[in-house]
Structures are given as structure tokens and as C-alpha cells.
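One structure below.
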């Protein structure tokens with residue numbers, strides 16, 4: 001494995017006296033799924049926000065493809081190849097499934113500043129959007145308004161929009177959140193294949209999914225990475241068991 | 001009974017063609033003036049609909065652009081009719097009575113001002129955006145009032161309507177033809193814009209700016225361009241409005257006018273292609289017929305507005321076509 005695709009170097013972020021991110025250095029190598037787990041309030045979301053540009057760290061850097069993106073805006077990082085999905089779906093509820101996917105392609109292809117031909121009549125936008133929907137199994141719902149989708153379908157669409165970006169690295173914030181056992185299993189299978197396309201930094205509470213998918217796992221407690229290793233190493237790590245997993249894992 | 005929105009739109013356009021033609025045959029010039037007024041207000045509101053309907057920005061200061069359009073016409077025509085030079089630093093012009101030139105000036109000036117107002121006000125959203133646009137509106141209003149050179153509070157009268165090549169603009173139906181054609185052109189552009197990639201992105205920026213950023217687009221820039229286009233169109237309407245009345249005054253900058261433009265869109269249907277058109281027709285009709293009956297016609301307008309907001313979130317078009325509208 002060569003240089004990491006995505007990495008953080010000594011990230012720190014405090015909110016008043018609370019140290020939400022404490023000297024976090026993690027990396028994501030090409031072809032891998034790196035899961036970040038930890039109890040509620042461990043600072044996972046804060047970390048993701050700093051990686052994606054929603055929050056500025058107090059100190060430390062974020063590198064994407066060897067390029068320092070620390071000071072850059074969310075949209076600049078997206079253009080540099082960061083494909084993010086949200087814990088709470090961020091979709092255009094009034095728009096159709098296809099329109100949501102087309103928006104992604106527009107961003108990726110720099111085609112938002114076109115004023116004449118309808119977006120949905122442009123094969124360059126439509127084909128790629130439909131291909132992404134096809135992959136997550138939403139083709140039949142392409143003309144459904146997003147507001148009328150089930151929760152599970154919204155999760156799928158969230159992933160599909162990230163796919164349209166053809167990112168260098170995926171950053172997924174609890175993609176399984178709220179999915180039933182069946183949906184979780186299906187998405188797990190899908191993400192399993194996706195890592196070949198681009199590595200995935202995965203924040204997830206579903207431990208079955210995490211242990212099934214992750215090449216490496218980092219455990220975050222009180223803003224600090226207390227352990228990084230393979231699934232087996234983490235499963236047997238005493239400190240991790242005490243802090244998070246308990247004895248049943 | 002539910003109407004298809006397309007048929008409804010065609011019906012509206014047909015009505016706007018038929019009514020003035022009937023008025024010509026029946027020799028009712030005042031009806032033509034009324035419909036012209038409705039069409040010009042509709043044009044101004046179509047401009048506002050770009051940012052309000054697609055972009056979700058509630059501008060409470062769109063009278064700024066209406067007024068700039070009006071004063072662009074007033075000032076250029078004033079210098080032309082008084083044969084005085086208009087000095088603009090290094091340039092000097094004799095003014096003009098040519099409508100196309102006036103329109104162009106009105107749109108460029110409104111667009112420029114919209115750019116600067118947008119740059120400042122788009123940093124805010126919600127109530128703050130409403131207030132800051134209102135504040136700009138008031139600034140322009142009071143500036144116009146104290147601008148003694150161009151009539152101050154009394155405004156400016158232009159004796160003869162401006163010229164359009166090949167037409168007699170003083171004939172009500174011919175002036176109406178100009179306004180109606182411009183409205184149709186702008187409606188066509190609006191429809192293209194709404195379906196275009198830019199329209200899709202702007203619409204997304206209204207719904208979830210976070211999503212727009214995450215796909216690598218800058219919601220601010222999308223909104224700013226929309227604001228400029230919106231201002232330019234409302235400015236064009238202002239120039240026509242001044243030409244209709246052959247009179248410009250600071251009331252064109254008033255906050256009441258900004259409010260009326262919003263009301264027109266809400267009556268018709270926010271974000272709907274023909275929303276501003278039906279809104280303007282209903283508004284002008286109420287203003288005329290209720291205004292004849294009582295000075296307090298605004299009370300009844302208020303009742304109509306209340307009913308529409310309570311019972312039809314998609315405005316009249318939403319009620320008639322059974323489709324819910326955009327939620328701002």
C-alpha cells in the first residue's frame with residue numbers, strides 16, 4: 001500500500017473546556033474500509049465535520065490525495081474528491097430521485113452553470129445519474145419525489161448521490177442508521193464491493209456491519225483514538241472492551 | 001375538477017390576449033390600461049419569483065429594482081424632453097426616448113445594484129434577509145424623496161410615452177402588445193431557467209444548502225446570480241410601469257410595493273411559472289372592482305390572501321391543479 005488517500009494529522013478541536021477531538025491522526029489507504037467506532041459523544045461527528053470542511057479544527061491538517069485541504073471549504077473538498085454521506089439524509093425532498101442524483105453529477109462535472117437545456121434532457125448528466133441509481137437499486141423509483149421514499153430508500157439515495165461524484169475517498173457517516181436488518185445486510189454487501197473503487201472512511205454504530213466490512217478499525221473515546229487495528233485486534237483489545245464494546249463482542 | 005397546469009397556463013395566456021382585443025373592439029381603453037398594469041406587475045413578480053420561488057429568498061426590497069427601472073426611464077426621458085444634458089462624470093448624454101435603450105439601461109443598472117445588495121444581504125437568511133432587503137428598499141426610497149433634481153417627493157412627469165421602432169406607443173393596445181410580448185419572453189426564459197442545471201441547483205440550494213456544498217457547488221454564488229437576474233427583470237418591469245403611467249415617483253421604491261410583489265406570488269403560487277401572472281390579474285382586478293366599492297379594499301385582499309395561505313399552500317394554481325407548491 002502506498003500513500004494514504006485521505007489522512008488527518010494531529011487534529012485538535014475544543015468546544016470550551018470540552019476536548020472534542022484530541023490529537024487525532026488517522027489515515028485511509030486505497031482499497032480499504034477504515035471504520036471509526038466509539039460510544040456516543042466520542043467526537044465522531046465532530047471529526048467527520050473537520051474532515052469534510054463543516055468545522056475548522058483548532059490545529060492539525062487534513063490531506064486528500066497528498067494535497068492539504070485543511071483551509072478549504074466543503075465544496076472545494078468535494079471537488080477535490082471527497083464523497084460524503086450524511087447520518088441524517090441531506091436530500092432535496094421536493095425533487096425526484098433522479099433530480100437528486102443529477103445534482104451530484106452536475107457538481108462532479110462542473111455543469112451547474114448551464115441555463116438553457118433542461119438538466120434532465122442532458123444525456124451527459126442523466127446517464128451517469130441513472131447508472132448510480134441502478135447500482136443502489138433505485139432505478140424503478142427514479143421519478144418518485146424524495147419525500148415519498150421510505151427511510152431505507154433515502155439511505156440508498158444518499159449513497160447513490162455520493163457515487164455520482166466518483167470520489168477519491170468516501171466519508172460515510174452512519175450509512176446504516178435506521179436501516180432494518182435486511183437493509184443493513186444489503187448495504188453491507190454493497191459497500192464491500194465499493195472499496196475497490198475508492199476507500200471508505202466509515203463511521204458506524206452497527207457492529208455487525210463494522211466487523212464484517214472493516215479492514216481496519218479505529219476506536220474513538222473522549223475525542224482520542226485509543227486503538228487502531230484489524231477487526232480481530234480490536235475485538236480482543238482490553239482497553240476497547242472496557243471503554244466501548246463490553247464483553248459480548 | 002382538476003386542471004392540468006399546462007392547460008391552465010395556456011388558458012391564462014389566451015385570456016391575456018383575448019381581453020384587450022375585446023376591449024379594442026368594445027372601445028374600452030381603460031380595460032386595456034388595467035390589463036397592461038397587471039401584465040407589468042406580473043413581469044416584476046416573475047423576476048421576484050426567480051429568487052423567491054426557486055431560490056427561497058424572501059426579498060422584501062424588490063421595489064428597489066422596480067424603482068431603479070422607473071427612474072432610469074424617468075431620467076433618460078426627462079433629459080430628452082427638456083433637451084438638457086445628463087452629465088455622468090466623463091460622459092454626457094442628451095437622454096433618450098427610445099424604449100429598447102431605456103430597457104437596457106434599466107436592466108443593467110438594476111442588475112448591478114442587485115449584485116451589490118445580494119453580495120451583502122445573502123450572507124444572512126430568514127428574517128435577517130427580509131430585514132436587510134427592506135432596509136435597502138427604504139434607503140432608496142428616502143434617497144428618491146430627497147432627490148430634488150428629479151422631482152423629489154413629487155416625482156417626474158414624462159409628457160409623451162417613449163418610442164418603440166415601428167409602433168405608436170400611445171395607442172394603448174400597441175403599448176400593451178409590447179408589455180405582453182416581453183412578459184411572454186421572460187416567462188419562456190423563466191421556464192427554461194427553472195428546468196436548466198442552474199435552476200435545479202438553485203432549487204436544491206433552497207432545500208438543503210449542505211447537499212449543494214457536498215456535491216462541490218457554492219450555494220452563495222448560485223443565489224447571487226439568481227438575485228442579479230431577478231433584479232434585472234424587475235427593473236425592466238419598472239421601466240415599463242413608468243412608461244404606462246408616464247410618471248415616476250418615490251412610491252415605486254416603497255416597501256408596500258415590495259410587499260405587493262410578494263403577495264402577487266403567494267396568491268398565484270410560489271415557484272409556479274404562471275403564479276405571478278394569475279396573482280397580478282387577481283390583484284389588479286380586486287384593486288379595481290373592490291376599490292370602486294370601498295376605500296378599505298385592502299381588508300378584502302387580506303381575507304383572500306388569508307384563505308389562500310390557509311387552504312392552498314400552492315396558491316391559486318395549486319388549488320386549481322391539485323398540486324402542492326413550493327414551501328418557502
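Think of each number as a place in line: the chain as shown, counted from 1.
Glycine residues also receive a Cβ, built from the backbone N, Cα and C atoms like all the rest.
Of the listed segments B:205-223, B:224-242, TrEMBL assigns transmembrane segment to B:224-242. The stretch from B:36-56, B:63-81, B:127-150, B:224-242 that makes the most Cβ contacts under 8 Å with the transmembrane segment (B:170-191) is B:36-56. For the transmembrane segment (B:262-286), the neighbouring stretch richest in Cβ pairs under 8 Å, chosen from B:36-56, B:63-81, B:127-150, B:224-242, B:298-320, is B:36-56.
Tertiary neighbourhood of the transmembrane segment (B:127-150): same-chain residues 57-64, 67-68, 71, 74-75, 78, 117, 120-121, 156, 248-250, 252-255, 258, selected by CB-CB distance under 8 Å and a gap of 6+ residues from either end. The stretch from B:101-120, B:224-242, B:298-320 that makes the most Cβ contacts under 8 Å with the transmembrane segment (B:63-81) is B:224-242. Within its own chain, the transmembrane segment (B:298-320) has Cβ neighbours under 8 Å at 2-3, 5, 8, 263, 265-270, 272, 274-275, 278-279, 282-283, 286-287, 290, 326-327, counting only residues six or more beyond its boundaries.
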